[in-house]
Every structure is written in C-alpha cells, then in structure tokens.
Amino acid sequence: MAMLAPMSREVPPVDQVGGSSFAVHLAAAPEHIATFRHELRHWLQGLALDPARIYDILLAAGEAVTNAIEHGSCSDATQSVSVQAALHKGTVTVVVSDGGRWIDSPDAPLTPTQHRGRGLFLMEGLADRCAIDGTDQGTRITMHFDVPAAADRRAGARLSEPREC
C-alpha cells in the first residue's frame, strides 16, 4: 500500500492536518487512488459529517482523481495530481488539479459511452456545484458539497498546502 509522504517543504502528514482542511499531491498512478480515498475518508469523518454525504464526497473526489490520473497524466507516475479540500461556512470544497489537458471545453455536452464517461456525470450529480476548468496549464475540477451548518465548527478554514503521495 502506498503511503503519504511529506513533501520537501515541511508539511505535516494527513493525520496531523487538523481542522478544516486537507491537501495531498499524488503520484499519477492508479495504485495511489485507494490510499487517497482512505485518507480523505479519515479527514471527512473527523468533521462529523453525515455518512451518506461522506460517501457522496468520496465517490465524486475519487472520480475526479481517477480522471486526473488516467486522462490528465496518462497514468504517468512521474506526473502528479493535487487535491485540496476545505470545510468553510457549511460547504466542503474539493479541488482536484493536474497538469494535463483532457477537457477541451467545460461547456461541451457530456456524452458517456456505454462503458466509460460516467465520472463527470457522477461528479456533477453528487456535488451541489461543480466547475471544470481546462487551460494550457492543466485541468482543475472544483466541487462544492453543502453540509449541515453544525458540521462547520471551524469557520474561516482555508486550503492547506499539499503533500506528496
């Protein structure tokens, strides 16, 4: 199992990133997806969110990371995928970024095939708001998940600096 390793900057490992933010850099290799999901689940459970909402966030974030690895980085482990998440004012925001260009136009209609292409539908269906930005520098997916206000105990959260996987 791949483990999260601190980046060269002094960024604490996931279990020390307390409060309302989460951030990692993953090597763009499919074997890191399960570890990412486990660590994100651990962070979300610490926020005392509804288990069904945690599942929604995990599924959508997992799809975003999978797309970033497969399409944005062509499963090239020398590339990386960045994930940042934060809880702020009743909303969990998850941002997944990669250095590739796999979305030609975020406004283009989604047309899944019989066996592929459902990830974007899932992300847009599970998130309350979802934006996909494709630029020459890469692709960024930003998903917002509304959660009960009681879960937002730490107002003023900001995105953490990412770590590498």
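In case you wondered, yes, glycine gets a Cβ from its N, Cα and C as well.
Features as listed in TrEMBL:
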DOMAIN    27-144  domain 'Histidine kinase/HSP90-like ATPase'
PLDDT averaged over the residues of the domain 'Histidine kinase/HSP90-like ATPase' (27-144): 86
Secondary structure content, the domain 'Histidine kinase/HSP90-like ATPase' (27-144) (per DSSP, counts of residues): 47 helix, 32 strand, 39 coil
